[in-house]
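Undergrad: Mind looking over this structure? Questions follow.
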Amino acid sequence: MSTGTFVVSQPLNYRGGARVEPADASGTEKAFEPATGRVIATFTCSGEKEVNLAVQNAKAAFKIWSQKSGMERCRILLEAARIIREREGEIATMECINNGKSIFEARLDINISWQCLEYYAGLAASMAGEHIQLPGGSFGYTRREPLGVCVGIGAWNYPFQITSWKSAPALACGNAMVFKPSPFTPVSALLLAEIYTEAGVPPGLFNVVQGGAATGQFLCQHPDVAKVSFTGSVPTGMKIMEMSAKGIKPVTLELGGKSPLIIFSDCDMNNAVKGALMANFLTQGQVCCNGTRVFVQKEILDKFTEEVVKQTQRIKIGDPLLEDTRMGPLINRPHLERVLGFVKVAKEQGAKVLCGGDIYVPEDPKLKDGYYMRPCVLTNCRDDMTCVKEEIFGPVMSILSFDTEAEVLERANDTTFGLAAGVFTRDIQRAHRVVAELQAGTCFINNYNVSPVELPFGGYKKSGFGRENGRVTIEYYSQLKTVCVEMGDVESAF
């Protein structure tokens, strides 16, 4: 399949083990191919009736799935992981077409996805409570039990990967899930739904409903939904938390960020430059944990900046399905204009554009209406500038200088966000000292934007709470039951 040829021809809702048209509507949406600007799908947003049908299907499947042993769930999740590996090329291609990221990156995303399923398959077979001995031969024990029907609401920057990150631990714990993708990227969640069905989950265990805010509201407020996990913006996360609170539903929120990346003068310069590029330009800069505030110690500021600009200008922009492309288009026209607007404001506030920050028009005529821009490096930045304070969510790096460790820590933490942070230094004592002081849920030392599924991922402050990945996520998709067993006579006060 090549860029500019794909059109959705099947229903984009998934319920009861099959693709279906929604039973009712709450509006329509269009999905675009960012590389060309073509409409690839016009679809109906799910209304309250469709959401209820999806939840009821999930509720019925939950009764079957939750009674399976951990080993049975393990085998099915491992089979799903195997199918993802087998279909890696097809899924990665769909991700490129609907999201715009390069095929190089998309393959990495799909690999992380099947690794996530394998990881939680292993945990499914080893979940256990504990036994506590009490006086007189009595004892207590705990049971880790599933929650029920969980809701996943995904973002558009990692469509398939986020679907996997939310569904794998949920299903491993014995839950069912109704998933709502972003209306910008409705396609790839359906592929995972079909894979789960092929692997052997009960029909209805994993359902997909398409839609926007109204559909999300129906999900969050549904009385039979036990938990909501959301990835997206802070304002939307606040609304989801408020809606879920009315039903006393636990939530996991993975929200925005404005993360600091601290480059000390004793760093390995080559690795620090590569780390800064990884921290700013993956997925066209549309990554919530990106280290977009790059603090560089003054002694190496000029050398570091020169090398970063040189490497940024070499990034190959173009057709995301070509093997040598390293940066594709942004997600859509309004977002492209928003990011360009941030660059304009940065210049007005005194920042200097060292490269990029403007529209890029590929030579291939079929890409002329795509949403491309050149990756941007800003210098002469101050902490009070809009480009330094607000999440841009595009390929825009802001370089700031600093003198001392104490100074940069204070400035790095001066934000309402706390999703991620990074430090490059050869001084291992300094590295651990600095990350201990950084107010961020995920910290990197001498690397950035790596995401092993074995490690928990999540934020501090307004970047959200709860975690995805790692063993701890089991706690967010299960509940603990305590059982107290008396082996003697009841000692009564009456």
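Placed from the backbone N, Cα and C atoms, the Cβ positions cover glycine too.
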Undergrad: Have a look through Glu21, Glu29, Glu391, Glu405 and flag the one Swiss-Prot assigns to the NAD(+) site that Lys180, Gly232, Ser233, Val234, Pro235, Thr236 belong to.
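TA: That NAD(+) site, as Swiss-Prot gives it, pairs Lys180, Gly232, Ser233, Val234, Pro235, Thr236 with Glu391.
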Undergrad: Which residues in the same chain, at least 6 apart in sequence, have a Cβ under 8 Å from the Cβ of Lys298 (N6-acetyllysine)?
TA: Ser265, Ser401, Phe402, Asp403
Undergrad: Rounding to the nearest whole angstrom, report the longest C-alpha distance spanning Lys180, Gly232, Ser233, Val234, Pro235, Thr236, Glu391, listed for NAD(+).
TA: 24
Undergrad: Is any of the recorded positions Ser2, Lys30, Glu254, Cys288, Lys344 within 10 Å of Glu391 (NAD(+) binding site) (Cα-Cα), and if so, which, in sequence order?
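TA: Checking Cα-Cα distances against Glu391 (NAD(+) binding site), the recorded positions within 10 Å turn out to be Cys288.
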Undergrad: Starting from each candidate's C-beta and looking 10 angstroms out, tell me which of the recorded positions Val234, Cys288 has the most other C-beta atoms.
TA: Cys288
Undergrad: Return the count of C-beta atoms lying within 10 angstroms of the C-beta of Lys344 (N6-acetyllysine), excluding that atom itself.
TA: 12
Undergrad: Do me a favour and check the Cα-Cα span between Val234 (NAD(+) binding site) and Lys344 (N6-acetyllysine); whole Å is fine.
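TA: Rounded to a whole number, the Cα-Cα distance is 24 Å.
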